[in-house]
Amino acid sequence: MADPGDGPRAAPGDVAEPPGDESGTSGGEAFPLSSLANLFEGEEGSSSLSPVDASRPAGPGDGRPNLRMKFQGAFRKGVPNPIDLLESTLYESSVVPGPKKAPMDSLFDYGTYRHHPSDNKRWRRKVVEKQPQSPKAPAPQPPPILKVFNRPILFDIVSRGSTADLDGLLSYLLTHKKRLTDEEFREPSTGKTCLPKALLNLSNGRNDTIPVLLDIAERTGNMREFINSPFRDIYYRGQTALHIAIERRCKHYVELLVAQGADVHAQARGRFFQPKDEGGYFYFGELPLSLAACTNQPHIVNYLTENPHKKADMRRQDSRGNTVLHALVAIADNTRENTKFVTKMYDLLLLKCSRLFPDSNLETVLNNDGLSPLMMAAKTGKIGVFQHIIRREVTDEDTRHLSRKFKDWAYGPVYSSLYDLSSLDTCGEEVSVLEILVYNSKIENRHEMLAVEPINELLRDKWRKFGAVSFYINVVSYLCAMVIFTLTAYYQPLEGTPPYPYRTTVDYLRLAGEVITLLTGVLFFFTSIKDLFMKKCPGVNSLFVDGSFQLLYFIYSVLVVVSAALYLAGIEAYLAVMVFALVLGWMNALYFTRGLKLTGTYSIMIQKILFKDLFRFLLVYLLFMIGYASALVTLLNPCTNMKVCNEDQSNCTVPSYPACRDSETFSAFLLDLFKLTIGMGDLEMLSSAKYPVVFILLLVTYIILTFVLLLNMLIALMGETVGQVSKESKHIWKLQWATTILDIERSFPVFLRKAFRSGEMVTVGKSSDGTPDRRWCFRVDEVNWSHWNQNLGIINEDPGKSEIYQYYGFSHTMGRLRRDRWSSVVPRVVELNKNSGTDEVVVPLDNLGNPNCDGHQQGYAPKWRAEDAPL
């Protein structure tokens, strides 16, 4: 039964009006615009009604004005969009515009009417035929509309994070048999898919389209390909969605990607991810684990190495052979904050690798350059990481084999530490950290790194064992060789042609001197070849700075050998070569000044002035000389071939410079200009100048620019260089002193190196497999007033007691406390230098706090002896 409140029902064949007021407010079912589209069809100009329409009886709906009359402006030519008139007309209708959507969501939108500019057809309305309509029949469902997606539309949707706009994407892909990894959905320049695009456009760390995209990729059957699709351009080549999720610090997306099969060993090798010195911006080791470590995300590091899906192998190396530890060393910059997190992450990874892979030590892995993380830290000057590695002390028994520092014994503030010398001092078997620090001149702070314990004490021990004696023997030997060379050159015969006969005793002494000089030249030749071309750390800068004396010795040896060859060949020009060798040989004696602190900085000053200040001065001065010489020589009158005779016609000569200009005038004039620069020249050539005024003007400007300006600038620059070297004289001498020690050690054969090797073989605990952990260690005795011996993992309970251990089946006894050197005291009390064979000095400890402690006074023995240890 019909409700009495219902409005009048339309007659069959009429269009029912919706209930409500005349203004068209919504009170019933809205008139769909898709049905309105059926009203317009036919050709242009067909405006008459059909016979059926003309003959139908009038109904209640006929009181409504004609549609063409109400839309008379919408059917005219030039009106682009009839929907504007539809929205602005006063026609009482319930047609409501649909919600506005993005322009690239689909090609058709219910609730709106779009008129494409290319479609210029005029429409006429179509008469709606009378259809019997059941009052309770459900409204017909609109036909399903298939949206169209392309790369711009898809990238715009994921950038906005709109999941609703992704409705229909799966149907579109399945219908057209497409996938999200197809080329049409990739960025042409980079090969980027929509997943990295979504990860790069997060809002508060989230983008709701990411799970939807992964679900669609799973349903289309290319989940792994979609997740692991890398960038393909040269700039970001190899980067995947997992790299981006880690860089954006989104652990939830990292977990989601790994759970769906992301490659945890994908390598980002693009130019952007290269070191700065190679044109890159941020090098992190290419691998996702290295990226998480280098961006200080320990929670992601733990997940990548311990997740149940696919664990990241911590031993994996990148294209440079670097592990995650190498990558951490590479990003260190010696600042406090950076060093703190790098060292903490370094220990976390090292200990984790030891627990996951007990048979492997991540710290011993070498990269393509043959460098371990410790060597890399030394070569790049990362002093914070370097000091942390060599002084690392692990107290946990399970991972104590990773320690490089062990406390042998402790008593109060005094403790004796054993430092592992592996990689630090290798006795020539392989590249050592000590050689890298000394011979690599690219390290600006290497003098600071040489002061780090145990490097500092290791150098002192080498100097005491063999360095000092060998150095002074070399000094005496070289001076004797140069004296012999000088006497041999001074007493060379002046008559006859070489080789000269040997008849008298003086001649035989000269022969002995020549043989000794030739042998020393050959010896220097081969040793210089070994040092220059077989050095472990070669380089042009290292050659001219650190290896300058080796280069000079090489030139000296070549001159000596060439001079001897010319002498034996009977060429008198051997004398010219010999005198150059003689001068260079005496200049090379400056090398031995580095053994003394008072004279060690002079050679450095000379090197810096020669290669820095004097080189720049000579470059500018040479340009000035050539320019002024060319101009002044041009002003001289050319010489003629006519002879000029005296008044009595007795002395006739052809005029030459300085009276005129001939072919050799330019070179002679350069020498005269140099004399003017140092204030020794004359003006004899002025009389032969064509324009004397111009000639004098040029000479005056030359003297002002060179003698007054350039020379004084050179003096000022040299004074500044000397001042800088003097400020750093201690560090510079320490570096030269270390270079001298290593030069002496490298000149020894292998068996002598091992005989003079510093340190001792010590059992420091148990290795990972339970066997005794025996290492070559170096002992450093230290004093620290700010940290006391509580809960220390010491080896010996009795301070200073001898330890007897077995080594290759033989019994060896370690010496007692060999060096009672108190260093690193905070505050520093005193520094002791051990004198071999004598008692140690008294250490005054008065006025260091309250002498009474716990009701009694604690004191120290008046003398601290190596034989009477402990205290």
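Cβ coordinates are placed from backbone N, Cα and C, and glycine is handled just like the others.
Judged by membrane topology as recorded in Swiss-Prot, Thr505 sits across the membrane from Lys608.
Counting residue by residue with DSSP, the repeat 'ANK 3' (369-398) contains 16 helix, 0 strand, 14 coil. Predicted-model confidence for the topological domain 'Cytoplasmic' (723-871) is 59, expressed as mean pLDDT. Least crowded of the binding-site residues (Asn201, Gln239), judged by neighbouring Cβ atoms within 10 Å of its own Cβ: Asn201. When Cβ neighbours within 10 Å are tallied across all protein chains shown, the highest count among the binding-site residues Lys192, Arg237, Arg248 belongs to Lys192. Distance noted between the C-alpha atoms of Arg237 (ATP binding site) and Asp682 (Ca(2+) binding site) is 70 Å. Of the recorded residues, Lys192 (ATP binding site) and Tyr253 (phosphotyrosine) place their C-alpha atoms 18 Å from one another. With a cut-off of 8 Å between CB atoms and residues at least 6 apart in sequence, the same chain places Pro230, Phe231, Ala266, Gln267, Ala268, Arg269, Gly270, Phe273, Glu286 near Gly238 (ATP binding site), listed in sequence order.
In the three-state DSSP scheme, Tyr253 (phosphotyrosine) falls into the helix class.
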